[in-house]
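A short worksheet on the structure shown next.
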């Protein structure tokens, strides 16, 4: 382990080298093009776990318009009900998973959810009625809880200077699984049909071929190659305690910081110290030999530079996940900073979930003819999810950029602005569809692509903000925000369920809700740093 140069990393260095903040052991770069260190491996495992969950969680959506609906004799209302049931279970699971992450760590929780979710995925082929569909989709919804350990894992290993883009890229690449699921499941299903299987058998076999083995494989990879915490095991996250930074944080924290994040001083009693980081750096050559993280660079401490790594600027710098107690629950739930990202995420991710679940069916019913069937509708709908590969990442990247100049309030205003723009575009899409007797498919695609870019960037910006809110309860906080995103999915899915025709009405109603909610969140204060 060696000390890195004081100069900021170049773009190439920031995606290939691992530089560590000695204050907390977190990475100040995002080495996505490397698998040499635990930081890069955990990053890739975090999004891969979330991505693989979509292969089962969203697997019904591309197959419902023709295969599942006709095989089970489902009505439009029953299709909508099954979407809502799936989102409801995920909402409950995310609330439960948050405290589990704080207690057991994101790695173990991620693997556990993937294994549990594989069980109902394997039972999909036994469905014979609408009620059976509800039950299986409810338990498959457990997989939606993988979002919580995904985001908590990256927040645990990446410093506040890059946590916005780390969370956003991991969340975005994971979310793209929704788009890939449409392509993969339709390709497998169509192949089985060409091989002579009946529709009744083909869609059931698709679940056994794709989601189950992938979920179990990724769970095994997570346990074998993942790590719990920069300090080692999850129970060692409280190592290197120091109270020497208390005065530093009290000096830089203004009244807004204290009101938004709780008592900063009390949160620092288990903070890692620079002195201990330096002791860890003095390992013998024998200890360094064969280490997977031998190429890690520890950034030097420059106390004269307030933006330098190794200097406490806020409680986020030294936050450690605390077990969830009744006192923590009370403090977190009464904190306005909890509800700012939660309500904003309700409007952005909630809307995305509803669109992912309904867009294929909407397009199929709007344009159904001899050349436009389930497969074409599914492939077009897949675009919305696939855009997450870079659109959500941009939201987190811009969050990190505005943070360097405007602090946490910059992240807040970016998140809310993106939510408002999303709402305006959703209104525009709905009005266009309803104002035309035969709306152009090309125009609809262009509008919903632009809508998706702002919608998904809003999700990324939101989880650039989340690590600054209740930083010592990161898992619990992530669970709450994620659950509210799913609550939004249920809410917007109900709008689509109650407004099957004209189809545009569901979009412009959802847009109005997004604009109003995000504007109402403007007065809520957030920490400065």
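Cβ atoms here come from the backbone N, Cα and C positions, even for glycine.
These come from TrEMBL:
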- 45-64: transmembrane segment (TRANSMEM)
- 76-97: transmembrane segment (TRANSMEM)
- 109-128: transmembrane segment (TRANSMEM)
- 134-154: transmembrane segment (TRANSMEM)
- 166-189: transmembrane segment (TRANSMEM)
- 201-225: transmembrane segment (TRANSMEM)
- 252-295: region 'Disordered' (REGION)
- 257-268: compositional bias 'Polar residues' (COMPBIAS)
- 276-292: compositional bias 'Basic and acidic residues' (COMPBIAS)
- 377-398: transmembrane segment (TRANSMEM)
- 413-433: transmembrane segment (TRANSMEM)
- 440-455: transmembrane segment (TRANSMEM)
- 475-495: transmembrane segment (TRANSMEM)
- 507-526: transmembrane segment (TRANSMEM)
Checking 45-64, 134-154, 440-455 against the transmembrane segment (109-128) for Cβ pairs under 8 Å, the most are found for 134-154
- Task: Might you confirm whether the transmembrane segment (201-225) is in contact with the transmembrane segment (413-433), defined here as three or more C-beta pairs under 8 A between residues 6 or more apart in sequence?
- Result: no
Long-range Cβ contacts under 8 Å made by the transmembrane segment (166-189), restricted to residues 6 or more beyond its ends, are 30, 32, 43, 46-55, 57-59, 61-63, 67, 146-147, 150-151, 153-155, 157-158, 202-203, 206, 209-210, 352, 356, 360, 374-375, 378-379, 381-397, 399, 456, 459-461, 463-464, 466-467
Please determine whether the transmembrane segment (45-64) and the transmembrane segment (507-526) are in contact (criterion: at least three Cβ-Cβ distances under 8 Å, sequence separation 6 or more).
no
Outside the transmembrane segment (76-97), at least 6 residues beyond either end, the same-chain residues with a Cβ under 8 Å of its Cβ set are 57, 60-61, 64, 69, 109, 113, 130, 133-134, 137-145, 147-149, 353-354, 357-358, 361, 475, 479-480, 482-483, 486-487, 489-490, 493-494, 496-497, 500
In the same chain, residues at least 6 away from the ends of the transmembrane segment (201-225) whose Cβ sits under 8 Å of its Cβ atoms read 41, 45, 48-49, 52-53, 55-56, 59, 63, 67-68, 71, 107-108, 110-112, 114-115, 117-118, 121-122, 124-125, 127, 143, 184-185, 188-189, 192-193
Sequence-distant residues near the transmembrane segment (377-398) by C-beta distance (under 8 Å, 6 or more away from its ends) are 54, 58, 61-62, 65, 164-169, 171-183, 186, 352, 355-356, 359-361, 363-364, 367, 414, 418, 441, 445, 448-449, 452-453, 455-464
